[in-house]
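Heads up, the thing below is written out as structure tokens.
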Amino acid sequence: MAKMRVYEYAKAINVSSKEILTALKNMDIVVNNHMAMLEEKTIKQLDAKFKKGGAGVTSQKPAETNKNKPQGINQQPAGNQPNKIRDGKKNDVQNNQFNKNKKNNNNNKNKNKRNHNNKNQYQQKPLKPKKELPEKITFSGSLTVGALAEELGKEPSELIKKLMLLGVMATINQELDKDTIELIASEYGVETEEVIVLEETELEKYEEADKEEDLQIRPPVVTIMGHVDHGKTTLLDSIRKTKVVEGEAGGITQHIGAYQIEENGKKITFLDTPGHAAFTTMRARGAEVTDITILVVAADDGVMPQTVEAINHAKAAEVPIIVAVNKVDKESANPDRVMQELTEYGLVPEAWGGETIFVPLSALTGKGIDELVEMILLVSEVEELKANPNRQAKGTVIEAELDKGRGSVATLLVQTGTLNVGDPIVVGNTFGRVRAMVNDLGRRVKTAGPSTPVEITGLNDVPQAGDQFLVFKDEKTARSVGEARASKQLEEQRSDKAKLSLDDLFEQIKQGDVKDINLIVKADVQGSAEALTAALQKIEVEGVKVKIIHTGVGAITESDIILASASNAIVIGFNVRPDGNAKSTAEAENVDIRLHRIIYKVIEEIEAAMKGMLDPEYEEKVIGQVEVRQTFKVSKIGTIAGGYVTDGHITRDSGLRLIRDGVVIFEGEVDVLKRFKDDVKEVSQGYECGITIKKYNDIREGDIIEAYVMQEIERK
């Protein structure tokens, strides 16, 4: 009997690879994965086991069903607090009545006044019953001093005194933050718990938790990534056995297309992401909704810059990667070189002892396509992809556009639940009712289950690609949530929240907003990029680590800025500059770019920013010009320049440059500034003055003295 791989044996006896792996584990036979080779002896043992009855292998599964069952979160409202003010109000009413009677009594006026005052002085309100300290108090966001006192059963004045001892001056209606609430509660030995209340605009508030028994196997969502012209769309075309490329402008995919195929009764959904550099964000979005990434690399071209970008996106999304080595039918093809190059990025073939599946194929001739589809189904089986089809649909927008005839059109990928025609829906910051649905073949459908891509119409506006969508029970709620989300987005745009920058990095770290610092490193040569990356990854301050999301060689491009914007990263340029498009995009997206020529300066700047010790930035501002019209040499003083202020003004504490024939001769400071015989602080345009320069005497007639000051740039 010949040797067989795990998945081949599983296929031969008509069971899943996972059952075989479990059986081998129970037999104390170590195998890495479904691609491992089985010896003849092992195959015989498996034959014997499954002939006796393999039910024992799978019998453990049902017992685990309830283990991971999500427990519903019973968020009961806090019990109504006893109305403590009622007694007090009643007493006030009694006192008011008493005072009225007192005013009406005119006999013995002064005596009665004195008696009543004495009575009121000693007449005390009934004491409030003391409330026992609770074991735990819950709050959301913040509490006022009065509300916290109510929760603890204490007088507000008592809490105000405690706050004063802690250096906090607070009134009864002042809001207290989380730390102060916890500190005061700990003084009384009471635990605190912050309850996160979801806003009306958050779709998570309207979601229902799925039960384990409701989950069913769903088709995998596969993203095809790779460099330009490496054959991504041709590969997808070959898999679908239809012509997609011919309809694309210039043979390059212009929009994300979502397609579905069926193989042996099992469906697979494909996302075709554009490979052109300008569509970096579209490729990043494709990786966020995917279950498996197919990395297409041309066997005759090898690893290219966008191949590396695709690897980084797939790793960031934490999805398994299958490498499709395309164009193996070409004479110049060298699959081994591709495998060797990809090992540098952590993709080691199984044939070399790694865990990455490599499939050699030709998208043009169709060679290796069946094996690739089989590998996709195999990986999805191991991943155990599940969703609940019997609930309101939820998913992601793949693409959206405004069509002249149909209005707002959005391509949606249903990730869980079933989408129906007529469903009220909120998509990102838009809302509407699903008027019509069309599948990837252009046919009208009425329903779409998990992992199904459909094109819908009926929204009030065009959503953004990458937005989440959720179906609601009624149109009124959907409209309310959609309008609230649109209003919130408008407010956020007005506030113009800035991206992460080194200037405000320390504040964000202190507030807990930043746990990892994402960096994109671009250098002039690969060696510099590697050295800088290695040095940066060693930095760790207060538990905050540096994370390099992309490295590259060459100028900083628009693609780098878009990636930085999407991942909230800072761009580090080493001996390189940003091109024109990159500069304008960085300004529009508020992306921080730092340019350096010395490695240790980069390290120092990042560390200083993380520690909150970043030096302030200054910019030079020219404030005036003085034309030297005459010079005087005085012993013990040096050369005095008699000048005329031609522009702006000059001050005694300004810096200056001595310019002769357009060339800067000297840069220094003003020593003495006089007008006639008087020392002055400033001389304005149109006036004459006398100037001496610190430690410099070579001043000639016709020289220009340029005065400037260094102004600190306001941190953004």
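Positions of Cβ are set from backbone N, Cα and C atoms, glycine also.
For 57-83, the entry in Swiss-Prot reads compositional bias 'Polar residues'.
The compositional bias 'Low complexity' annotation in Swiss-Prot covers 93-109.
Look at Swiss-Prot and you will find 217-386 tagged as domain 'tr-type G'.
Residues annotated as region 'Disordered' in Swiss-Prot: 53-135.
Here Swiss-Prot flags 226-233 as region 'G1', drawing on similarity to another entry. Residue counts for the region 'G1' (226-233) under DSSP, helix first, then strand, then coil, are 2 helix, 1 strand, 5 coil.
Positions annotated as region 'G2' by Swiss-Prot, on the basis of similarity to another entry: 251-255.
Per Swiss-Prot, the feature region 'G3' maps to 272-275; the stated evidence is similarity to another entry.
Taken from Swiss-Prot, the feature region 'G4' covers 326-329. Long-range Cβ contacts of the region 'G4' (326-329) within its own chain (Cβ-Cβ under 8 Å, at least 6 residues beyond either end) map to 230-231, 235, 296-301, 335, 360-365, 367-368.
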How many of the residues that make up the region 'G4' (326-329) does DSSP mark as helix, as strand and as coil? 0 helix, 1 strand, 3 coil
